Amino acid sequence: MTRETWKTRAGFILAAVGSAVGLGNVWRFPWMTAQNGGSAFLLLYLAIVLLVGVPGLLGAFVIGRRSKRNPVGALRSLSDGSRWWAAFGMFAVVTTLLLVSFYSVVGGWFVRYTAASVTGSYFGHAGAYFSAINYGPAALAFAFVFLAATAAIVYAGVEKGIERATKVMMPAIVVLLAALAAWTFTRDGAGAGLDFYLTPDVAYLRAHFFDILPAAVGQALFTLSLGTGTMITYASYLGDERSLAADAATIAVLNTAIGVLAGLLVFPLLFSFGLDVGSGGAGAVFVSVASAFASLGTVGRLLGVVFFAVVLLAALSSSISMLEIPVAYLVDEHGVSRAKATAGVACLVAIGAAACALSSSVFGLLANTLVNLLMTAGLCGFLLFVGWVLGSRALDEYRAGAGDVARAVDGPWLLFVGVLIPVFLLFTLFTSVASALGVPLGTHVLGVGLGGSAVALVAAIVVTALAVAGLRRPGSLV
Ligand code: PHE
């Protein structure tokens, strides 16, 4: 059987952007930004998208297109059968299962808000409404609706299901966010929101750097769908004539623009309606736009339906890209039929979704701390693989279809993904574990962290090299 490929360049870009653009931009980004100091977070986040996200995305594309497989099969075949790397691919598959679990709950909130906009039930008491509906049996029912829709699209197959949905959603979401943000700017108090969001707060950044860092890294990776194998799997359907670098840059720019746009809507709204920025927590986007729609009366209801429905579409094009990973794994590696694989995976996710919908602490642990940790660890492993197992083969893949500019930076790119970014990610992991355990990050602790990261990096390199040494000469770095 020949493997499906994307029909057009736009088809792949749209689907990859569809995966990237989702609740991460519209729901999680405002939450994380509000919780981590506004503009200080934005600054760090943008830097990470540029320096880690774009090269990292390229790394994932290289693995995917080279192997034409799901993450487990990709790492196994490219390392000539290493069980360790296959196990690491499994880690990514499990990560996606956890992600879709809480993602379905948030998707369920959007389903509920779409319906509630028709009658305007949340008008007038935005905060109380969100707290009343966010967890519990009803939240679970809505999460199941979202999960069922996701499974139905995944079952329909890569091209039919995914390409179509994304083509409608992308332009609609940009127009809606931009129009609503423009309306928001005319309101009293909007300026303070913009100030919180955009005026660089270097003092805050300096004082809280190590608290913000894991969140900023986690958010950058989450929003770009990096570290879970999603982008590996999507790129596995890609033809050889495409410039991976150009695609990575396009996707990162579009995705980041939409997140930044969502912030331009949420923060002026929160301030102009006198809502406390921090208090919304995971409900920041709901509480803010609910207040806006309420103040617009009947027009607000209509806008509410359109807004929540469009975000829902964006959320679906992301959730299908998560569910696709375990499904592709079962289909490719175990010969399970697509229908059976989809049904089985959906049942597993339903259990996770139930835990998240019924317990705010399970939800918080997964959606916040665990996302940051798992995605950081995931990308770190994938990039070590690119640098140290693929080596020169990664460069060949990178060069195929690349333009002059991309070719000019191929060596530095490999050095980035093979060495600098993994060191940075290991360091980030260290700081997050330290702060999760309540260890204060004084200078000597940081020194130990840096030293530890270096040792861990060397160990990872040695293990990787040993894993492939017996089978074949490991790829060289540059
Ligand atoms: N990037 C998606 C979003 O922002 C979430 C996602 C993460 C999708 C990982 C796939 C894999 O909503």
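Every residue gets a Cβ built from N, Cα and C, even glycine.
These features come from TrEMBL:
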type     : residues : note
TRANSMEM : 12-30    : transmembrane segment
TRANSMEM : 42-63    : transmembrane segment
TRANSMEM : 84-112   : transmembrane segment
TRANSMEM : 132-156  : transmembrane segment
TRANSMEM : 168-186  : transmembrane segment
TRANSMEM : 249-271  : transmembrane segment
TRANSMEM : 277-296  : transmembrane segment
TRANSMEM : 303-323  : transmembrane segment
TRANSMEM : 343-366  : transmembrane segment
TRANSMEM : 373-391  : transmembrane segment
TRANSMEM : 411-433  : transmembrane segment
TRANSMEM : 445-471  : transmembrane segment
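Counting only same-chain residues 6+ beyond the ends of the transmembrane segment (168-186), those with a CB under 8 A from a CB of the stretch are 14, 17-18, 21, 26, 194, 254, 257-258, 261-262, 264-265, 268-269, 272, 289, 292, 303, 306-307, 310-311, 313-314, 317. Contact between the transmembrane segment (42-63) and the transmembrane segment (343-366) is not supported, since fewer than 3 Cβ pairs fall under 8 Å when only residues 6 or more apart in sequence are counted. Counted over residue pairs 6 or more apart, the CB atoms of the transmembrane segment (343-366) and the transmembrane segment (12-30) come under 8 Å in fewer than three pairs, which marks the two as apart. Contact between the transmembrane segment (132-156) and the transmembrane segment (411-433) is not supported: fewer than 3 Cβ pairs lie under 8 Å, counting only residues 6 or more apart in sequence. Beyond the transmembrane segment (84-112), the same-chain residues lying 6 or more positions past its ends with a Cβ under 8 Å from any Cβ of the stretch are 23, 27, 70-76, 78, 133-134, 138-147, 150, 227-230, 282, 286, 308, 311-312, 315-316, 318-319, 322-323, 325-326, 329, 345, 348-349, 351-353, 355-357, 363, 366-367, 370-371, 374-375, 377-378, 381-382, 385, 389, 463, 467. The transmembrane segment (277-296) makes contact with the transmembrane segment (12-30): 3 or more of their CB pairs lie within 8 A, with pairs spaced 6 or more apart in sequence.
Sequence-distant residue pairs (6 or more apart) of the transmembrane segment (249-271) and the transmembrane segment (303-323) include fewer than 3 whose Cβ atoms are under 8 Å, leaving the two stretches without contact.
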